[in-house]
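Working notes, beginning with the structure itself.
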């Protein structure tokens, strides 16, 4: 899995940063892309990346502020023009369905695919055999969600060396054993596949937050995550201002990462007051509290579990 930061700015686009959108590329895991927020010009950013709209499966909106949703109608329309035909599910706060449907209706846009809207409440909002997604409220003046994406543990690897050491050669039988089946060999031996499968591989956890001030629900959403994506609209000494504007600072994000025992913190939603040089200072500030911190720039790609 990879996180592709399509927009990393706060509020309005700047020369260096577009407004918020993050793609979670799951091509190896499920051959799809999930999108988190869709600020204005997200589709332009996608054209500059390796992301394909045809692979888009789900869109998760954190909150209804314009810098997180104004790119949706255009992106959905372009996907249709490009021949996209698979269903997309959009998750988000109450109002997301009305916003999208009204924009498409008033612009006379007819899509070639179905959209399913899921206006969410805190709790488990999606689960299949591979992943689950949990949402919870943050604190931002308007309703704002954080998302916790949990990859389910994968089956352990088949111990081929152990099998060969016992005179069992590779072939179709290996797949049956990998599936945990009990197999009778030509020589009469009965082999239980479960005895040749290693420990399960722990699935990854990614926590992606919308805009928020410091709030208690953050800890559980972030706990033990492989990657925490957190806004850092302000530098560390502007905690009072951040609270008044319902945003967070670099140090608040870093302290949460440390407390939640995450493996990596990625800062995004950077105010336009901070140019590239000033952004480097933000990173140094956060690293003073939580060393494994990165600051995202537009089109940056991060491997999950790297």
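The first residue you see is number 1, and the count goes up from there.
Glycine is treated like the rest: Cβ placed from N, Cα and C.
Per Swiss-Prot, Zn(2+) 1 binding site is recorded for 63, 65, 140, 211, and the stated evidence type is sequence analysis. Classification of residue 65 (Zn(2+) 1 binding site) by DSSP places it in coil, neither helical nor stranded. Residues within less than 8 Å, Cβ to Cβ, of residue 65 (Zn(2+) 1 binding site) and separated from it by at least 6 positions along the same chain comprise 142, 211.
The Cβ of residue 67 (active site, proton acceptor) lies under 8 Å from the Cβ of 9, 10, 11, 12, 19, 20, 39, 40, each on the same chain and at least six residues away in sequence. As annotated by Swiss-Prot, active site, proton acceptor applies to 67, with the evidence given as sequence analysis.
Annotation source Swiss-Prot lists Zn(2+) 2 binding site at 67, 68, 211, 269. According to its DSSP assignment, residue 211 (Zn(2+) 1 binding site) is coil. For residue 211 (Zn(2+) 1 binding site), other Cβ atoms within 10 Å of its Cβ number 27.
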Which whole-number value in Å describes the distance between the Cα atoms of residue 68 (Zn(2+) 2 binding site) and residue 140 (Zn(2+) 1 binding site)?
13
Excluding 63, 65, 140, 211, which residues of the same chain place their Cβ within 8 Å of the centroid of the Cβ atoms of the recorded Zn(2+) 1 site?
62, 64, 68, 138, 141, 142, 144, 210, 212, 246
Measuring Cα to Cα, how far is residue 63 (Zn(2+) 1 binding site) from residue 269 (Zn(2+) 2 binding site) in Å?
14
